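Engineer: Please find one structure pasted underneath; my questions will follow.
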Amino acid sequence: RALLWLGPVYLAGYLGLSGSWVLLALALWLCWGLNRRGKRDRLAAAFALLEDEREAVCRGLAARHLPAWVHFPDVERVEWLNKVLVQAWPYFGTIMEKTFKEVLEPKIRAKSVHLKTCTFTKIHFGEKCPRINGIKAYTKEIDRRQVTLDLQICYIGDCEIHMDISKFNLGVKGVQLYGTLRVILEPLLTDAPFVGAVTLFFMQKPHLEINWAGMSNLLDVPGINVMSDSLIQDFIAARLVLPNRITVPLKKNMNIAHLRFPVPQGVIRVHLLEAENLVQKDNFLGAIRGKSDPYALLRVGTMQYRSKTVSRDLNPIWNETFEFVVHEVPGQDLEVDLYDEDPDKDDFMGSLLIGLVDVMNDRTVDEWFPLSKTTSGHLHLKLEWLSLVNDQEKLHEDKKGLSTAILIVYLDSAFNLPKNHFEYSNGECGAKKIKNNKYLKKMEREPSSFVLLTVGNKTQKSKTCNFSKDPTWGQAFTFFVHSAHSQSLHIEIKDKEWDSALGTSVVCLSHLLKDPNMTLDQRFQLDHSSSDSFIKMKLVLRALNVEEPDPQRAKAGVNASKPGPVHVTEKAGNQKFASPPQVSKVPPMSKDSAALQSLPKKDSGEELDAEESSAAPVPSETVSGPDEAEGKQNAEHGPPSALPSGAAAVPTLPILQEMRLAPSVTSLGSLPSSCFELSSSNLDIHNGTEMPLGEIQLTVRYASIRQSLVVLVNGCRNLVPSSNRGVDPYVRIYLLPDRRWTSRKKTSVKKKTLNPQYDEKFEFFESLENVKKRSLDIAVKNSRPFISQERKELGKVRIDLSQEDLIKGFAQW
């Protein structure tokens, strides 16, 4: 072994190479070994989780290893299905071994002359079978004639596959695969087999990690491993990740073309406007903080765009627009990541995840979103949901240069393609080239063709069909169209071997406008090709239309007329908002809050005095519409008017003057609601003592777009002092049963006051189903010196969230 180690060193010296080559080889070897050990450790940890899930969870494995049902209550466990898979796995392995030998091996040999010696020497799929960690079934917002399931697939396999190619041994020894596989059963039938077809696809690129064996271990060398993993993932994405699907018919004579290539559900137009208060990532000498050079990456599925880079600015303004085709809702989300551009490695500055279901329902969302996974920063986005409609009147050209339509191209097949570009040439030059070409036999083979489709400045490429004059591609492509009356679709079929054109065609999109359904499904004659060469396609043109939202539906996003962000100051990682109006004045009513139609006037002051002297919190009904002057005028001169059905009793103007109303929704920054009602709620409130210790005002609501519980601590009043020197109160919040120090939320400290005003917002990122099972534990405490004997806790309240309408929200003292 020592000679083996010293051999390369001696060889380097013998050849007169520099010592730096030895150091470089040593560094590569160390990195390769590190990668190999890391893969083995991850595989061992995954096997441990597979063997004993309970013990592995107790040992505190990383959250990404935990099954989905731990995090999401709407995901169901299916242990019975996993038991079925365990029993059937040996038989599946036998079928796959036979398929590798009889089907895959001949196809690999036919690919190239160098692969003719390819032989599978060992095929064993192991004892570990795939697991389904959870299944989520969709019952809303889908067609009644289909069943949609999301399967959380986890395959930690001990499979072993070895292959020999020209005395080189390549192999795989262990595979890890994680991903969400969507299964759609449609159409549902009234006779056996009750389901017409099964469609399978991954929502996002699955996580794949392969433990190589034999000569393929070289793929773990640093630099090569990243490239090889990305190539394999791209190969899978081209076949199994949206918009690509696998559709298997279950009933004879079932037409699956519309199932395999359905019309997209819509288009999301993202206006990336600006950001503010981004974190500083650039620094000099590790101490001097500088500004950042931010840019944004926007993704929906496999489609990704990058914005321009704004140099040296923590409040960048982009004003860029991006458009994404959305194929599956619910399922697909908009992901936005912000980075600081650097010469070496770009620094992460925060991210954002927005569910497209709410955007589809709201139609338009214009909002400042707080960035997650960072200490500060807000991002201003305007989101528009564009429906696909079959209406030619909507095809007017946009003055801003935005897309007005979408073209969907279903590329089916071609017929009678020439073997090469000389076959249809009549010139003598072409004939001489054929006679003198030493690759004449190669040119006589049938072509390996692919198609280039171009609309405007965007070109897309199909897959390659090898050695066929009648290739079948079976793919779908989408293009954004700016002017359907003037633009055209250019088709060019090329031979992969010679990169020469086998035929072209041009289709004017105005031809689709002659059809009432804006659809063409036919064969198109190929130009510059044989006289009997055709290409079969289906072209569908759909106009993009922004529909008006349902006025009866409560929007999930902030009102689109919001002028800009709330000015915030970061303190201890929390967001601190501007103070509400003073107690002596009636707070102005914002357009985003719900309104009183009129303020009733009391006939006598007895009820008023009774209410003012009561120790119970005063319920408040929300106000929307009239401003401060109108409110006063209605209170003084307007007669009492009936409130809408279901509304609670509204306090009179003097009582409103006494109350410290919470800020309107516009001051809640990212709180996604445009009709947030401040109403009294029958909360289960207790402070553990009979003596009143004061009151705290809270505003609580669940933000569906952000998938978080938002708690706004407005302020406290009438606190009981714990010493003669006064108190410095602050508020501490837990979302029970989680009492970890890291999950604790805490306001700033207010000095020497019994009526502190905070107006600070906190977010708990949990699903709505999970929040409904938990409660808020809120305590008001005194910030005392470490050695002080003063009482620290000033009061406590616990709020049961299971009985509240968190989507509507509530605010109460």
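The count begins at 1 with the first shown residue.
Backbone N, Cα and C define each Cβ position, glycine as well.
Unlike curated entries, TrEMBL annotations are predicted automatically.
Quick caveat, the model's predicted, so the values are computed rather than measured.
Straight from TrEMBL, here's the annotation block:
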{"type": "COMPBIAS", "residues": "638-647", "note": "compositional bias 'Low complexity'"}
{"type": "DOMAIN", "residues": "74-251", "note": "domain 'SMP-LTD'"}
{"type": "DOMAIN", "residues": "242-369", "note": "domain 'C2'"}
{"type": "DOMAIN", "residues": "387-528", "note": "domain 'C2'"}
{"type": "DOMAIN", "residues": "692-813", "note": "domain 'C2'"}
{"type": "REGION", "residues": "550-647", "note": "region 'Disordered'"}
{"type": "TRANSMEM", "residues": "12-32", "note": "transmembrane segment"}
Engineer: Per DSSP, how many helix, strand and coil residues does the domain 'C2' (242-369) have?
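Structural biologist: Per DSSP, the residues of the domain 'C2' (242-369) fall into 11 helix, 63 strand, 54 coil.
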Engineer: Under 8 Å between C-beta atoms and at least six residues away from its ends: which parts of the chain pack against the transmembrane segment (12-32)?
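Structural biologist: Sequence-distant neighbours of the transmembrane segment (12-32): 217, 220-222.
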Engineer: Count up the helix, strand and coil residues in the domain 'C2' (692-813) according to DSSP, in that order.
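Structural biologist: The composition, in the requested order, is 10 helix, 56 strand, 56 coil.
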Engineer: By DSSP, how many residues in the domain 'C2' (387-528) are helix, how many strand, and how many coil?
Structural biologist: 22 helix, 61 strand, 59 coil
